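Notes to accompany the following structure.
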């Protein structure tokens, strides 16, 4: 089995695969147990402990979450450029634990908390504010950096050039989400109950700190089982992107050659290593000017003078990904509402389940339960069934999966608006008899299913489509979409309030001060539902426009199967005892027949090399065929 390009030489039979991934699953469960619990309850911590008002509490949380996911780019860049992904996770994990420890200390000592002040959006200032924002900053940087490197570290445990391991890669991302979901389920029940119902905020943060610390200890203990890819500064994704842009701009007045074959590309024997080769595409042709061969060219020209076709295609791939990333931002803006306003709604609803008083911040347990059931069901039943129909290794493509999630998110916001109308009407009739908290389960349940489709679809899409040396940076695009969604939520709340204050007869905005019963939150939800529908149409255009990479293993496997069963090469495979396969090949074909097959192939270079290696006599093979 061939190793990952750029990976140190290891005994791969004893490393990688699901055996190594188990350590990552444990970390994701323990780390997200605290992260998700804090994510859904912190808005109440800001409201009742730090004494922010409703809009400021919501915006502080969305800004914190946005910063966390934005900083995943830092972790992705560092792990693609300077240190391996495993070490990156440990370094940023230390920062995350440190941030949680500071939050725990401030939550424990009353002297470090602000006193209540009336009529101000925030009551915290001075040294208390410095400690508060420092702890949030460390937590955001640490958690974001881990998120930027960890999915790619897990993906590295599966060789994309091995058909069996490539198929297992899709399962890895599903089980990664399941481990996250199970940890989050514990967090939003046990930890949230301690913090919001027992008012033991410091206990909640302390448990999160300990669980996260144990998770990173487990990650460290799995080092002997990991396949680790050591990056180099020379292959930094930022540098490679800058080289293509700079050379393409320098050559902007030059004419492109008539044939893509005339563009510059290195041979495998020149590079001295097994690097990924990406086929030329016709999109963004202006970038091809970076691969125009100079008239006076050195034996090994500088990458600041001419770039390879593969390097140019890497930039094209990242460019093609940007509209997909942009099309998922609105969905994550909707997610932000379920972690802010919906939690505040639940806090003033009837939270009793029999004799049990359910914390409002625990309502996300409903989508988490849905996801815990649906993820294994999807993997064990839907994927094999869909695979028989579509012949796609994952059942449906990653972009189709994302599209399903976008539709469901729009439905979730429409339902949220309807539920808010019912809640507010009942509050106006009799505030002492509010409707049940579990009315919120409809919007949470629908969005939970949407998140299952979209999050895994994006992670797998950005990992599989990315160039090998840019996979941490590329998977960070998933978190970047979340980041922009949270920031956009803050912008929407401010803009909508500003506009509606001007046009409303009462002079009040849709979302007012501390009282949701006097607000029009339902209109804000419906605004997001309409925006989500328009966004889905926008997504359909870019998803149909996107051109997948042509070197995926399932494509190559299909082509290899076509060759084996084609009229020119009649092979008969008999599996002997012990799993040994014996192959009988047909006689060597004529040059004319080989050329005809090459002409009809979508990948002529690959077919030519394959045929020449398998059909020519030993004495006629050249060295490059034997590599």
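Positions of Cβ are set from backbone N, Cα and C atoms, glycine also.
What TrEMBL records for 21-48, 60-78, 90-109, 129-154, 175-195, 201-220, 361-381, 402-421, 441-463, 475-496, 523-542 is transmembrane segment. Taken from TrEMBL, the feature region 'Disordered' applies to 572-627. What TrEMBL records for 591-627 is compositional bias 'Basic and acidic residues'.
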Whether the transmembrane segment (361-381) meets the transmembrane segment (441-463): three or more C-beta pairs under 8 angstroms: yes
Range from 60-78, 90-109, 441-463, 475-496, 523-542 with most C-beta pairs under 8 A to the transmembrane segment (201-220): 90-109
Intrachain neighbours beyond the transmembrane segment (175-195), with Cβ under 8 angstroms and 6 or more residues off its ends: 18, 21, 24-26, 28-38, 40-41, 44-45, 151, 154, 201, 203-205, 207-208, 359, 361-362, 364-365, 368-369, 371-372, 375-376, 379, 452, 455-456, 459
Criterion met for the transmembrane segment (21-48) and the transmembrane segment (129-154) (at least three Cβ pairs under 8 Å): yes
Cβ pairs under 8 Å between the transmembrane segment (523-542) and the transmembrane segment (402-421), at least three: yes
Considering the transmembrane segment (475-496), which listed stretch of 60-78, 129-154, 402-421 counts the most C-beta pairs under 8 Å: 60-78
Distant-in-sequence neighbours of the transmembrane segment (129-154), which means Cβ under 8 A and at least six residues beyond its ends: 21, 24, 27-28, 31, 35, 50, 64, 67-79, 85-86, 88-89, 91-100, 102-103, 106, 112, 114, 172-173, 176, 226, 459, 463, 471-476, 478-479
